[in-house]
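Some notes on the structure that comes next.
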Amino acid sequence: MSKLKVRSTLREANQVWSDVTPLTFTEVSHGRADIIIDFTRYWHGDSLPFDGPGGILAHAFFPRTHREGDIHFDYDETWTVGNSIGTNLLQVAAHEFGHVLGLQHSLVPGAVMSPFYSFAYPLALSEDDRRGIQYLYGQRLTPEPRPTQSRPSKPRPTHPHITETNEILTSMPDTCHTDFDAVSMIRGELFFFRSGYVWRIRDGHLQMGYPALASRHWPGIPDNVDATFEDESGNIWFFQGESYWVFDAGRRITGPDPVQRLGLPVSHIQAALLRSDDHAHRVYFFKSGSYWHFSPRENRVDAPHPRHMQDWRGVPANVDGAFQDRQGYIHFLSGRQYWKFDPVNRAVLPGYPRGIGMDFFGCAPSNY
């Protein structure tokens, strides 16, 4: 696409919102701007790297965050306008403008603010989109045409002061073909996390209505969680990049705070584990073949120098998640497989690794 076409498309994306609110948008070439747009690739300075063609298309930062008003598009996408070949820039841009204006993701299928990209032409706001933006900014003073809609939904909650960024993805993760971002045992139930979604398993069964948006449980949780655990006091910790959040049930009690406050010499930890036995509760952080012991009461790791994964005999160096089951065994996830570790004998059980999807979600063995 030419620069001229990109600029005209971005203006049209702004108009989607200004048509139904008192907002006005003016392009400026110098001085201060409330919204700054960039097309970039992979690591680009905000701890939220892009992933090449497909996957994450763009992300934006909410009001009242450290990068409020910034919108980043993945340069490696094939951007088009008005056709299903490639990725429709108008649709993605309208979605990201919604975020910088303060809108969270919508649960309504086909909404502009849906977290998953699905080509739609011509582009039109759903009633949920309209009600959400007008809840924040009010209605346009002059009448605008009202589209034919099904029964209107209630305005969804908006929390522009909590979450820093939101991303739009090409599709909902496929349970049987997903590398999960994190896993944790929370309130006796098992939660798997991926791209803003959560899978909830109780007594060995995936619960009805899942996967669901993780923000249903924890408003303000980042879309891509690196690691999570529930401490012995029942607080739930989430880690992403250089930051962490702590929740008491669904209520955020701290965060985002820098992980350096915990004494960690690294960021982007890959897994967190609460290990309990008859004598004590221990928390471990894992990254790149190393691990640290952490005390939630002291709010510090016991030493900045890591220990080595060889202590966990048979477990791969790089893990994506970890949890302890009710029998005391520790499960380590890496890719689409998991390793079951016996903490008494300090070794992986025979017959592992096994497929996560097959054992936890009933997927066919052919998927592995």
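Using the three backbone atoms N, Cα and C, a Cβ is placed for every residue, glycine included.
As recorded in TrEMBL, the features of this protein are as follows:
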{"type": "ACT_SITE", "residues": "Glu96", "note": "active site"}
{"type": "BINDING", "residues": "Asp34, Asp70", "note": "Ca(2+) 2 binding site"}
{"type": "BINDING", "residues": "His44, Asp46, His59, His72", "note": "Zn(2+) 1 binding site"}
{"type": "BINDING", "residues": "Asp51, Gly52, Asp74, Glu77", "note": "Ca(2+) 3 binding site"}
{"type": "BINDING", "residues": "Glu77", "note": "Ca(2+) 1 binding site"}
{"type": "BINDING", "residues": "His95, His99, His105, Met113", "note": "Zn(2+) 2 binding site"}
{"type": "BINDING", "residues": "Asp181, Asp226, Asp320", "note": "Ca(2+) 4 binding site"}
{"type": "BINDING", "residues": "Ala272", "note": "Ca(2+) 5 binding site"}
{"type": "DOMAIN", "residues": "2-139", "note": "domain 'Peptidase metallopeptidase'"}
{"type": "REGION", "residues": "139-165", "note": "region 'Disordered'"}
{"type": "REPEAT", "residues": "173-221", "note": "repeat 'Hemopexin'"}
{"type": "REPEAT", "residues": "222-266", "note": "repeat 'Hemopexin'"}
{"type": "REPEAT", "residues": "316-363", "note": "repeat 'Hemopexin'"}
Within 10 Å of Glu96 (active site) (Cα basis), scanning binding-site residues Asp34, His44, Asp51, Glu77, Ala272, I find none
Its residues classified by DSSP, the domain 'Peptidase metallopeptidase' (2-139) shows 39 helix, 21 strand, 78 coil
Across every protein chain in view, the count of C-beta atoms other than its own within 10 A of the C-beta of Met113 (Zn(2+) 2 binding site) is 24
With the fewest other Cβ atoms within 10 Å, the residue among the binding-site residues Asp70, Glu77, Asp226 is Asp70
For the binding-site residues listed (His44, His59, His95, His99, His105), most other Cβ atoms within 10 Å of the Cβ sits at His95
Same-chain neighbours of the Ca(2+) 3 site, Cβ within 8 Å of the mean position of the Cβ atoms of Asp51, Gly52, Asp74, Glu77 and not counting those residues, run in sequence order as Arg41, Phe50, Pro53, Gly54, Gly55, Ile56, Leu57, Tyr75, Asp76
Students should find that the Cβ of Asp34 (Ca(2+) 2 binding site) has, within 10 Å, a number of other Cβ atoms equal to 12
If you measure between the CA atoms of His59 (Zn(2+) 1 binding site) and Met113 (Zn(2+) 2 binding site) and round to the nearest Å, you get 12
The number of other Cβ atoms within 10 Å of the Cβ of His72 (Zn(2+) 1 binding site), counted over all protein chains shown, is 25
Top of the binding-site residues Asp46, Asp51, Asp181 by count of other CB atoms within 10 A is Asp181
Near Asp70 (Ca(2+) 2 binding site) (Cα-Cα within 10 Å), the binding-site residues in question, chosen from His44, Asp51, Met113, Ala272, are none
Around the Cβ of the residue listed as 'Ca(2+) 5 binding site', other Cβ atoms found within 10 Å total 27
